[in-house]
Structure formats: structure tokens, C-alpha cells
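What Swiss-Prot says about this protein:
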ACT_SITE  248  active site, cysteine persulfide intermediate
BINDING   187, 250  substrate binding site
DOMAIN    25-143  domain 'Rhodanese 1'
DOMAIN    173-288  domain 'Rhodanese 2'
CARBOHYD  35  O-linked glycosylation site
MOD_RES   14  N6-succinyllysine
MOD_RES   14  N6-acetyllysine
MOD_RES   38  phosphoserine
MOD_RES   136  N6-acetyllysine
MOD_RES   136  N6-succinyllysine
MOD_RES   163  N6-acetyllysine
MOD_RES   175  N6-succinyllysine
MOD_RES   175  N6-acetyllysine
MOD_RES   224  N6-acetyllysine
MOD_RES   236  N6-acetyllysine
MOD_RES   237  N6-succinyllysine
MOD_RES   237  N6-acetyllysine
REGION    144-159  region 'Hinge'
């Protein structure tokens with residue numbers, strides 16, 4: 001593994017609160033609320049309008065994606081991403097801090113962290129502990145929407161951090177990359193259904209290793225430390241000195257794998273953007289593994 005100085009992937013609630021208190025928010029520092037919830041559970045934009053971190057803009061993951069794709073949450077184009085984040089006052093010189101309101105402490109924030117990185121922006125961090133701990137620690141909130149001055153952002157896709165269906169299919173034979181799936185064990189094995197999914201059976205890509213993303217978080221919603229994270233990878237026999245692809249259902253919690261590896265000093269984990277949603281619909285049946293299906297047979 002090549003050792004390099006990595007931009008801090010996490011910032012603390014204390015650091016952000018102090019940055020806000022001392023007037024550092026502006027073109028050089030922007031905060032994004034990247035919350036998203038399953039339909040019928042919570043309304044992310046409504047909750048943002050009710051209360052959010054002062055100065056935060058709402059990052060709508062439903063809007064900032066490839067809406068023409070048949071698969072969930074696929075990346076937008078370079079131009080689409082650049083236009084969207086530019087409207088949020090983000091330039092190539094902005095430090096971006098992302099959080100979400102998930103009770104686990106973090107869910108969609110690592111996806112947005114990865115999106116910035118895959119489009120060439122390295123000065124991006126996740127708020128460690130999320131909005132859950134921001135509230136718990138008594139930091140200020142507001143209902144006032146943020147209206148930043150638009151900025152110019154130039155997006156350059158870093159293809160080394162992104163894997164396609166064809167590349168993962170080829171990897172079944174070449175085995176050049178390790179493959180880690182971040183969904184729950186039941187969904188990975190095929191013994192539990194995919195939530196809110198019509199026509200999508202659970203299971204996994206042949207050869208994948210299961211590391212549920214919740215294992216990277218403490219009970220209090222903070223990211224575990226590098227030593228604990230390395231131990232998790234070692235337990236699963238995932239070699240952080242070798243190439244690694246992360247996958248899940250739709251390329252969201254896979255970004256937790258990328259973040260955890262980054263915190264261990266490995267910044268080059270690629271995400272299979274289509275993940276299981278695409279794989280289930282396109283891949284040969286023999287490349288899909290499901291205990292649930294085999295038990296029914």
C-alpha cells in the first residue's frame with residue numbers, strides 16, 4: 001500500500017460547531033444535509049426545513065443522480081453533478097462537510113462523501129456521529145433555509161473509484177479485486193427479503209464477502225477507530241493491501257466500506273455503482289448466490 005497524506009474523512013461535531021460559531025461558513029466551508037429515508041417512513045426534506053445544522057443546504061440524493069437509469073441511485077453525469085453542487089455554493093476550493101439524520105448515526109452521508117471524491121473533489125468530510133449526536137450534544141439548530149451564492153464546480157470523474165457491471169463480471173474469472181458486500185447478513189445470504197423492492201430477490205454476487213455496514217459504527221453512532229476497523233477487515237480475511245470493490249443493493253452503504261478502508265489508510269476502494277440491483281437483473285444466474293432460493297428449490 002502506498003502511504004500518502006489523506007484528507008480528513010471525518011470531522012467532529014465540536015469542530016463543526018466551533019467553525020460555525022467563529023463564522024467560517026461560506027465559500028470555503030459548506031455543510032450538506034444528505035438525509036434520505038424509505039418512502040412512507042420519514043420525510044427528509046420536511047425534517048430539514050424543520051431543523052438542521054445552521055448554514056446547511058439540503059442535498060437531494062433523488063435529484064442528484066442519473067434519473068434515466070433503470071437502476072437505483074446511479075451517479076449523475078459530470079455536468080449534472082457540477083451544476084447541482086454549484087447551486088449549493090460549492091466550488092473546487094470548498095471544504096464540504098456532509099451529515100444525515102439516520103438514527104444509526106450515518107447512512108447516506110458516506111455516499112455523498114464518495115460522490116464528491118469520485119468526481120475529483122478531495123476536500124470532503126463526514127460529520128462523525130451525524131445529526132443524531134449533533135442534537136444529543138446540544139449544538140444549535142435552525143429552520144432557516146440556506147441560500148448560498150452559486151459557485152462554479154468542475155467535475156472530473158475518477159474512474160479508478162467506480163466499477164461497472166462489465167468490470168465486476170470480468171472479475172469473477174480474473175479475481176483481480178476482492179469484493180465486499182455491505183448489506184445485512186440475511187439479505188446477503190438470501191434468507192431475508194430486500195426491503196421495499198419489487199421483483200428483486202435477495203442474495204449476493206458469487207465470491208463476495210459480507211461486511212454489514214452497521215459493524216463499522218459504534219452503538220452511539222460514531223465511526224469506529226482505525227484499529228477496530230482493521231480488525232474487522234482482518235476477521236473477514238479482506239486484505240487492505242490488495243484491490244477492493246464495495247457493493248450493496250444500490251451503491252449507498254457500499255460507500256461505508258470505502259470510508260472504513262479510507263480511515264485505515266486505503267483511499268482507493270472502488271464502488272460498484274449498480275450493485276445488487278443491477279447484478280440481479282443482468283448477471284448470469286450462476287453468478288448469483290442465494291440460500292433462500294436454493295432452499296426453495
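Note: Cβ is positioned from N, Cα and C throughout, glycine not excepted.
Positions of the features from Swiss-Prot, shown on the structure.
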{"residue": "14", "record": "N6-succinyllysine", "Cβ neighbours (10 Å)": "12"}
{"residue": "35", "record": "O-linked glycosylation site", "Cβ neighbours (10 Å)": "25"}
{"residue": "136", "record": "N6-acetyllysine", "Cβ neighbours (10 Å)": "13"}
{"residue": "163", "record": "N6-acetyllysine", "Cβ neighbours (10 Å)": "25"}
{"residue": "175", "record": "N6-succinyllysine", "Cβ neighbours (10 Å)": "10"}
{"residue": "224", "record": "N6-acetyllysine", "Cβ neighbours (10 Å)": "16"}
{"residue": "236", "record": "N6-acetyllysine", "Cβ neighbours (10 Å)": "13"}
{"residue": "237", "record": "N6-succinyllysine", "Cβ neighbours (10 Å)": "8"}
{"residue": "248", "record": "active site, cysteine persulfide intermediate", "Cβ neighbours (10 Å)": "27"}
{"residue": "250", "record": "substrate binding site", "Cβ neighbours (10 Å)": "22"}
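If you compare Cα positions, residue 250 (substrate binding site) sits closest to 35 out of the recorded positions 14, 35, 237. Counting Cβ atoms from all protein chains shown, residue 38 (phosphoserine) has 8 others lying within 10 Å of its own Cβ.
Beyond its flanks by at least six residues, the region 'Hinge' (144-159) meets 27, 30, 49, 54-58, 78-79, 81-82, 85-92, 94, 117-121 of its own chain at Cβ-Cβ distances under 8 Å. Cα of residue 175 (N6-succinyllysine) to Cα of residue 163 (N6-acetyllysine): a span of 14 Å.
Classification of residue 14 (N6-succinyllysine) by DSSP places it within a helix. Note: the Cα of residue 163 (N6-acetyllysine) and the Cα of residue 248 (active site, cysteine persulfide intermediate) are spaced 13 Å from each other. Annotation note: residue 187 (substrate binding site) sits in a helical segment as assigned by DSSP.
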